[in-house]
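Chemist: There's a structure below that I have some questions on.
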Amino acid sequence: MKTIIALSYIFCLALGQDLPGNDNSTATLCLGHHAVPNGTLVKTITDDQIEVTNATELVQSSSTGKICNNPHRILDGIDCTLIDALLGDPHCDVFQKETWDLFVERSKAFSNCYPYDVPDYASLRSLVASSGTLEFITEGFTWTGVTQNGGSIACKRGPDSGFFSRLNWLTKSESTYPVLNVTMPNNDNFDKLYIWGIHHPSTNQEQTSLYVQASGRVTVSTRRSQQTIIPNIGSRPWVRGLSSRISIYWTIVKPGDVLVINSNGNLIAPRGYFKMRTGKSSIMRSDAPIDTCISECITPNGSIPNDKPFQNVNKITYGACPKYVKQNTLKLATGMRNVPEKQTRGLFGAIAGFIENGWEGMIDGWYGFRHQNSEGTGQAADLKSTQAAIDQINGKLNRVIEKTNEKFHQIEKEFSEVEGRIQDLEKYVEDTKIDLWSYNAELLVALENQHTIDLTDSEMNKLFEKTRRQLRENAEDMGNGCFKIYHKCDNACIESIRNGTYDHDVYRDEALNNRFQIKGVELKSGYKDWILWISFAISCFLLCVVLLGFIMWTCQRGNIRCNICI
């Protein structure tokens, strides 16, 4: 029995002994990539969540809270609407001749003149806003037989009764109001905008006291259009002490065309025209303060940076702005797939390369080498493969911004109650566009992320194959991203492998000799398993033989009696 125990002990020592080649005659070289303890989750085409070492947020979700006055010219409407400034409301006289890129209307704006309405308010507001100017040219209209410059206590200019400065209220002269027929040709080479109106008295008595006739009529024509308006006499809700109203209309006269005005009463006549310009100017409702700063993109919430391709601050924008999307976040991968390092390994406790996990602490590159040789252990980055990956990734964000950032503005849409169907259709179209852009944005980012991860994986594989081609039969692929080098390889040798100057032939004979010696005695884990199973089987067989012999011996001595019955 003692002999068997001794042999078993010797056998176990033989199995557990250090293998030849784990001394200074071999080295280990592993290839790996950068990793971080806590990566960032991004979405790809194939995965909803995949962890990468670094990612950039693509959605701007906050504003500065203020509107920057540079590089866009911002005109603060203060307490005036654009239409009030256009008509010449007394408290808006400061805006005469003003120009702007963006006119900012405030919620506190109010009218302080004769009560009026504009049947096509949204179109007029948008037209004037895009022109970017309130430049007004007075013309010499001749109104014979009527009283001009009518005014009202509801529209005081200083202590006196007044009226809109750009309009001329015509009333009867003595007891007559003749038929007016005035023409005004456009001999210039630009469009002219004429603002005019019609007065709706609250009573028949007011109608005749102002215009003599029981009902007036206003017709304004050009070669391209004609509008005939008849006043609607009747009481309306009281505003600033008045129950009568004025309706404002507008006509554009092209170069070479003629403006014709015909009326027998109730006419609010133009005093001249606004010079129309084509441009990128616009208007926005906002209560954000205007500050001295620089920003290309403006929203009602305030200016926002345009260094991201998407934003979800506001659908209404002006300038070079990111596209509005519904998502609160879209992350673009700007690093590789993250596989955190298994901390229990130590540097070379159980050496492993990129196939098993990444390496934390690689601050000078994305890809690199770790080695273990007779001089110790070390690590170095591979700058060439790192730079190749970075160069291809760096342009991604700029390309996405170029695809989405355009010089455009999304203005507010306004519709009257009778245009409810148009408003519903417009809202549906806008919502559909936003849904489409949101889907496209998510798809675009997922595609770019997939490409980034595939790209960085490819660079790792290229570096591994490059190293394999250098080492050839001088080393063995260990299957985990590492090579077992079968010759003595000091730090200079390791450096030659990293920089591509390794000479395979110099070490060939030594590597073949060491490989032969090691392979001759090396027991792989598979052979150990076979030996253990064979040993177990032999032990069981010997135990059975001993037991059977003991039974036969006792039977011969008569100590055991065995009866076999059939």
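Each residue's number is its place along the chain shown, starting with 1.
Including glycine, each Cβ sits where the backbone N, Cα and C put it.
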Chemist: Which of Cys92, Cys113 is the other half of the disulfide bond that Swiss-Prot records for Cys80?
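Modeler: Disulfide partner per Swiss-Prot record: Cys92.
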Chemist: Would you count the other C-beta atoms found within 10 angstroms of the C-beta of Cys68 (disulfide bond) for me?
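Modeler: Result for Cys68 (disulfide bond): 21 neighbouring Cβ atoms inside 10 Å.
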Chemist: Which residues, sitting 6 or more apart from Cys293 (disulfide bond) on the same chain, put a CB under 8 Å from its CB?
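Modeler: The answer is Thr64, Lys66, Cys68, Asn69, Asn70, Ser303.
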Chemist: Can you count the other CB atoms that lie within 10 A of the CB of Cys555 (S-palmitoyl cysteine)?
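Modeler: For Cys555 (S-palmitoyl cysteine), the count of other Cβ atoms within 10 Å is 12.
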Chemist: Taking only the recorded positions Asn54, Cys113, Cys155, Cys493, which one has a CA atom nearest to the CA atom of Cys321 (disulfide bond)?
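Modeler: Closest recorded candidate to Cys321 (disulfide bond) by Cα: Asn54.
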Chemist: For the glycosylation sites listed here (Asn38, Asn54, Asn301, Asn499), which one has the lowest count of neighbouring CB atoms within 10 Å of its own CB?
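Modeler: Among the glycosylation sites Asn38, Asn54, Asn301, Asn499, the sparsest Cβ neighbourhood within 10 Å belongs to Asn38.
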Chemist: If you count the other Cβ atoms within 10 Å of each Cβ, which of the disulfide-bonded residues Cys113, Cys489 comes out on top?
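Modeler: By the 10 Å Cβ neighbour count, Cys489 comes out on top.
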